[in-house]
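As recorded in TrEMBL:
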TRANSMEM  21-42  transmembrane segment
DOMAIN    22-514  domain 'K+ potassium transporter integral membrane'
TRANSMEM  62-83  transmembrane segment
TRANSMEM  150-177  transmembrane segment
TRANSMEM  189-207  transmembrane segment
TRANSMEM  219-239  transmembrane segment
TRANSMEM  264-284  transmembrane segment
TRANSMEM  296-317  transmembrane segment
TRANSMEM  337-364  transmembrane segment
TRANSMEM  385-409  transmembrane segment
TRANSMEM  421-440  transmembrane segment
TRANSMEM  447-469  transmembrane segment
TRANSMEM  475-495  transmembrane segment
DOMAIN    526-788  domain 'K+ potassium transporter C-terminal'
Amino acid sequence: MDVDYGKCWDTSKKSWKSTLILAYQSLGVVYGDLSISPLYVYKSTFAEDIHHSETNEEIFGVLSFVFWTLTLVPLFKYVFIVLRADDNGEGGTFALYSLICRHAKVSLLPNRQVADEALSTYKLEHPPETKNSSRVKLLLEKHKSLHTALLILVLLGTCMVIGDGLLTPVISVFSAVSGLELSMSRDHHQYAVIPITCFIIVCLFALQHYGTHRVGFCFAPIVMAWLLCISALGLYNIIHWNPQVYKALSPYYMVKFLKKTRKGGWMSLGGILLCITGSEAMFADLGHFSYAAIQIAFTFLVYPALILAYMGQAAFLSRHHHTIHKIGFYVSVPDCVRWPVLVIAILASVVGSQAIISGTFSIINQSQSLGCFPRVKVVHTNAKIHGQVYIPEINWILMILCVAVTIGFRDTKHMGNASGLAVMAVMLVTTCLTSLVIILCWNKPPILALGFLLLFGSIELLYFSASVIKFLEGAWLPILLALFLVTVMFVWHYATVKKYEHDLHNKVSLEWLLALGPSLGITRVPGIGLVFTDLTSGIPANFSRFVTNLPAYHRILVFVCVKSVPVPFVPPAERYLVGRVGPAAHRSYRCIVRYGYRDVHQDVDSFESELVSKLADFIRYDWYKAHGIIDTCNEDDGSRSGASSGECRLTVIGTLDLSGTPAFELEENVQPASVSVGFPTVESVTDVIEMQPVERRVKFAIDNESEGDSRGEMDTLLQEELEDLYAAQQAGTAFILGHSHVKAKQESSVLKRLAINYGYNFLRRNCRGADVSLKVPPASLLEVGMVYIV
């Protein structure tokens, strides 16, 4: 299914009305998590490490830390700097990694092609490079170990986002429901809060398969009501209890706080950092809105509301020292509105949890598309809004883990320690990647990137250290989860690359395919055979194995490569690269289908029909061009010398109107005016790029004089080839996939043998197969057993 890719950042959003509407809509998706942090920040901060005293130095110090943390990290770092590091309007960890990979050769993704750089979404910044930035670029490109380290850093950030998706629903819902403690006895409270929290969490995950769009219409009003509620409560408490609380915004109170509390104050930072939980969502959800909308919503509504809420709580606590053992959000709420506030808080916590759960599904889908996560079933819950996905396996695993964490921790302190560490780890990864973007993509002096890294990195490291020190008090959970997930993801990615290199070494020559014929007992059967492979050139080994065991193949043979490109999405008009394999009479073709890391993959029915349509367009285009009806100007035939014999260049099919008689009015502004030439044979796999850097741009012109002479000559052959294609489609389509088993070489290290023979093969057996992820109907599936020795 295709979606409207430009809808999230088109020119219509430039109007103020559209921007304000987007800013309002962003409240429910982007700020749900961040807006509910007042529920648990003070309670987590004053859990054990420090205590509120009569002098109010502790509460004022904490308020000062909260104010400057909210000002420096979400406002200055994210709103004014990080949000500008977008990838075609998309944000998040993979957007930063994608930008870096496009500006420096540090990607570990296989089957890259020069033709990918001709994509309209493959945007590169081209300000003048400085000497220092080029040195950093050369250093990164030179050392392969840095490529691996960069990937591991990205995977670590991804795993911490998944950890945040586990912990945020727990602490949010638990903190909201804990307001019941002020309305019932302690004995009843102990037996009520945990079951109610677990029930809400189970209901939340049980509704995920309906998709965000089904209930999303009420998200923004709920968060708006919550922000107005905490703002009003904050103003009431400031005016009624302590109007002088604004003085605590001075940095002097931070110094005073640390001087008095010393180690306890440093350890309490693990609770203060929870005030910026959810800030990463502003960048991660950038693709659904716009930079201006997110900036306006945070600067003029969310930020002031949060500051008022924290100031109001501090003002109340500064006049109520007897609440030392009951510090929390609900103690500052007047009795007459406590129940309505409790209901709004629970609804807001559900909205905030929904946002981070959806983000978890999205980032796992992106990891899977880049070959860094075992295959899982991805369900797109909305055909019109790209990015809204649901992953059943992950959903139920997260639900079980959330319930287990709720029952196991039972208090805000341990939940806050765990959540805080995950949040700061994600922010540290974003800071490091943004520093590289400043140098490599924006070509700014490295001193600016270093200043950015030192300023925000030091703040985040300070908070991170305060969380790590509480390893035994809850912080162990995200660390353990991240280590497990990074291991799984890296092993999967490593084995995927090794399989690709094995395929590259063992691919069969085109001459072997062309030599197959009746003299060898090979027959052509009716129908279309789609041979799926990761290779973008050559004949895959799984097809040679198939023909060896079953000496027949289909009348129409298509070698299909479904690959990911380091861009957020590929426009449908530029998705298909199509070319011939051998002469026209052989009826063999190559089709490379390119997707971005946020693209919606088609289901098999629409893919099959669209593939036949693209093949028909290519056949017409190829015959018209071969007979001079289309004149490819600006084309240097000498550049074909590096192409493997018989392997024709691949053409972008998607914008050529070639149906019926050729009606051409093609000018220089035809969008995919690029052709990828045939691929030279790769003798070594030290670099798994399959194509030499040959970039071609063509424009199409019609030679009216030759059209009449060539039409009669080609019409018969063209019509015959098209009839063969449509007849084969009617006969049925078979999907030929490799069923692989991977083994490590005998001389491999013990660690590699464990990772490949046991780790990868266990994951392969227990995750979705390629046929499921490609949505191939079982009746049309042909699997070819393959053993990979890597």
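For all residues, glycine too, the Cβ spot is worked out from N, Cα and C.
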Closest-packing stretch to the transmembrane segment (337-364), where packing means Cβ pairs under 8 Å, from 62-83, 150-177, 264-284, 447-469, 475-495: 150-177
Integer average pLDDT (0 to 100) for the domain 'K+ potassium transporter C-terminal' (526-788): 71
Contact between the transmembrane segment (447-469) and the transmembrane segment (189-207) (3 or more Cβ pairs under 8 Å, separation 6+): no
Per Cβ pairs under 8 Å, the stretch of 21-42, 62-83, 150-177, 219-239, 421-440 packing most closely against the transmembrane segment (264-284): 21-42
Range from 62-83, 189-207, 296-317, 421-440 with the greatest count of C-beta pairs under 8 A to the transmembrane segment (219-239): 296-317
Per Cβ pairs under 8 Å, the stretch of 21-42, 150-177, 189-207, 421-440, 475-495 packing most closely against the transmembrane segment (296-317): 21-42
Long-range Cβ neighbours of the transmembrane segment (189-207) (under 8 Å; 6 or more residues past either end): 169-170, 173-174, 177-178, 180-181, 215, 346, 350, 353-354, 357, 395-396, 398-399, 402-403, 406-407, 410
Contact between the transmembrane segment (475-495) and the transmembrane segment (62-83) (at least 3 Cβ pairs under 8 Å, separation 6+): no
Non-local residues, at least 6 beyond the ends, that sit with Cβ under 8 Å of the transmembrane segment (62-83): 34, 41-42, 45-46, 91, 245, 248-254, 257, 268-269, 272-273, 275-276, 279-280, 282-283, 286, 291, 294-295, 298-299, 303, 306-307, 310-311, 314, 427, 430-431, 434, 452, 456, 459-460, 463
